[in-house]
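According to TrEMBL, the protein carries these features:
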type: TRANSMEM; residues: 38-56; note: transmembrane segment
type: TRANSMEM; residues: 62-81; note: transmembrane segment
type: TRANSMEM; residues: 93-114; note: transmembrane segment
type: TRANSMEM; residues: 120-141; note: transmembrane segment
type: TRANSMEM; residues: 148-171; note: transmembrane segment
type: TRANSMEM; residues: 177-195; note: transmembrane segment
type: TRANSMEM; residues: 215-234; note: transmembrane segment
Amino acid sequence: MESMFGSWDAQSQRMRKGTGTGGFNMESLKRLGHISPAVYLTLCSALAFSALGAYLHIILNIGGTLTTVGCLAAVAFLISLPPSQDQERNRFALLMSAALLEGASVGPIVDLVLRFDPRILVMAFIGTAIAFGCFSGAAIIAKRREYLYLGGLLSSGLSILLWLQFAASIFGHSSTTFMFELYLGLLVFLGYMVFDTQEIIERAHHGDMDYIKHALTLFTDFVVVLVRVLVIMLKNAQEKSEDENKRKKRSF
């Protein structure tokens, strides 16, 4: 894999020498070449296993605290293993296991959405996929390290979310704080899509070709955004349905 990207990098440099400063398209293609195709293939596999986990919850009702703990344990074990060729299969299997357990953990919200209106799930997934493609694409075509400064800002936003959840666990949730937390979290993790993509490019530029860890990072961003989009769309659909029911009662 490293030889493949080494040849791609060398070819890009030769083409740039032939065209002066290279230009926007060549720089973008070179940055794209630093991301292994295995990252996105692994990400797609993880999303497929996550969908399988959600399906298993729907038919077996297995999602809950145990699956969440199991997912965290699988991720921790994956990170603890060295990114060597000998451990590649084990790490890949751990990633797929974590994705399966994560899918089972979010299975309750998926089940609720399917019972209310299955179209919400389809629209939420398509919307999240489009957002992921747009924000990752923006990170790829942007100048090198342009969005890495977002790391501090996004960490601060994540810290605010954690404190809000801690306060809610003590004082309880209100509708206003819940919606604020929901939209702030969506904004923060959309930002992480851009930041993590550029960080992966930068790491790969320095020789870190750990596609499994990179796929795990993008998978986490995708799932968190998807869940929040699902909750927002479900809440809006429920409110719309309640308004329509009130109108019908008034008409009678």
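Backbone N, Cα and C define each Cβ position, glycine as well.
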Please work out which recorded stretch in 38-56, 62-81, 93-114, 148-171, 215-234 has the most C-beta pairs separated by under 8 angstroms from the transmembrane segment (177-195)? 148-171
Should anything in the same chain at least six residues away from the transmembrane segment (148-171) have a Cβ under 8 Å from its Cβ atoms, list it; otherwise answer none. 177-178, 180-181, 184-185, 187-188, 191-192, 194-195, 198-199, 202
